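The annotation domain 'Ion transport' is assigned in TrEMBL to 2-253. Under the heading signal peptide, TrEMBL lists 1-19. The transmembrane segment annotation in TrEMBL covers 53-75, 82-100, 154-175, 196-213, 225-254.
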Amino acid sequence: QFIAFASLFFILVSITTFCLETHEAFNTIINKTEQVVNGTEAVLQYEIETDPALTYVEGVCVVWFTFEFLVRVVFSPNKLEFIKNLLNIIDFVAILPFYLEVGLSGLSSKAAKDVLGFLRVVRFVRILRIFKLTRHFVGLRVLGHTLRASTNEFLLLIIFLALGVLIFATMIYYAERVGAQPNDPSASEHTQFKNIPIGFWWAVVTMTTLGYGDMYPRTWSGMLVGALCALAGVLTIAMPVPVIVNNFGMYYSLAMAKQKLPRKRKKHIPPAPQASSPTFCKTDLNMACNSTQGDICLGKDNQLMEHNRSSGRTPL
């Protein structure tokens, strides 16, 4: 539990630091314009420097994540399965850029600066550390199992949306051209749907019921197509939802039932007695004498006497 709470704390701190690094209060613009003249104009160079306090905090978090990752690697019984795990890959990719930045920060060559610029872009992988919470929260694990089990439903949803986008983007393009002026064959003056690829964006936004309003039909025929597109989008999205909800309910019920089960204690199982030990003879004799058949008891008694006689013991 201590490791789980510590890991959760550092994950939240790392994500908070990542978000604060983009705030203007923690960024200082430094003018690094050099006396370089390109023709008649000087080349201006500016660089954004992040508050060092956030870098130190991120360094502490990375040290913890590195320690946790190394411990899990060392004590993992199956190294190959550990490497194939997606969460472990995210851990490694999120840790590596920090050490590369520290190693390249002292270099002043152009190649080092280009690599540092690329690493700063790659740092967004740190936000994926939020998925590590699935190790400590049952609800997130249930959500992951649900998404994995509903792959076919999501694929059907994407196919239905793709067909709808293609159909309604084509329809809105020709519907908006109905009211075009004779001197405007491309209909660019009274509509924004100048071609079918532009209509793809409008169809996606309309079918998913977002409705940004950046593009909208202006003719009566275009409005009719827009209404049909919105209605088809609602029906298309609503069809796979019950299956996904049922999968979530099933996995959630299984997870809750598993948590309510009592933990089984490991019981000590004594080793089986050897055939030559007195315990084996006594156990075998007691089991046989509990029977209702007297001849079995007599047979077991004779076998015990023969065993004692062969071993040089005097029967009591």
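Cβ atoms are placed via backbone N, Cα and C, with glycine included.
TrEMBL entries are annotated by machine, without manual review.
Sequence-distant contacts of the transmembrane segment (82-100) (same chain, at least 6 residues past either end, Cβ-Cβ under 8 Å): 58-59, 62, 65-66, 68-69, 72-73, 76, 115, 119, 122-123, 125-126, 128-129, 131-132, 134-135. Within the chain carrying the transmembrane segment (53-75), a Cβ under 8 angstroms from the stretch's Cβ atoms is held by residues 3, 6-7, 10, 13-14, 17-18, 20-21, 26, 82, 88, 91-92, 94-95, 98-99, 129, all 6 or more beyond its ends. Packing against the signal peptide (1-19) from elsewhere in the chain are residues 54, 57-58, 61-62, 64-65, 68, 123, 126-127, 129-130, 132-133, 135-136: each is 6 or more residues past its ends and has a CB under 8 Å from a CB in it.
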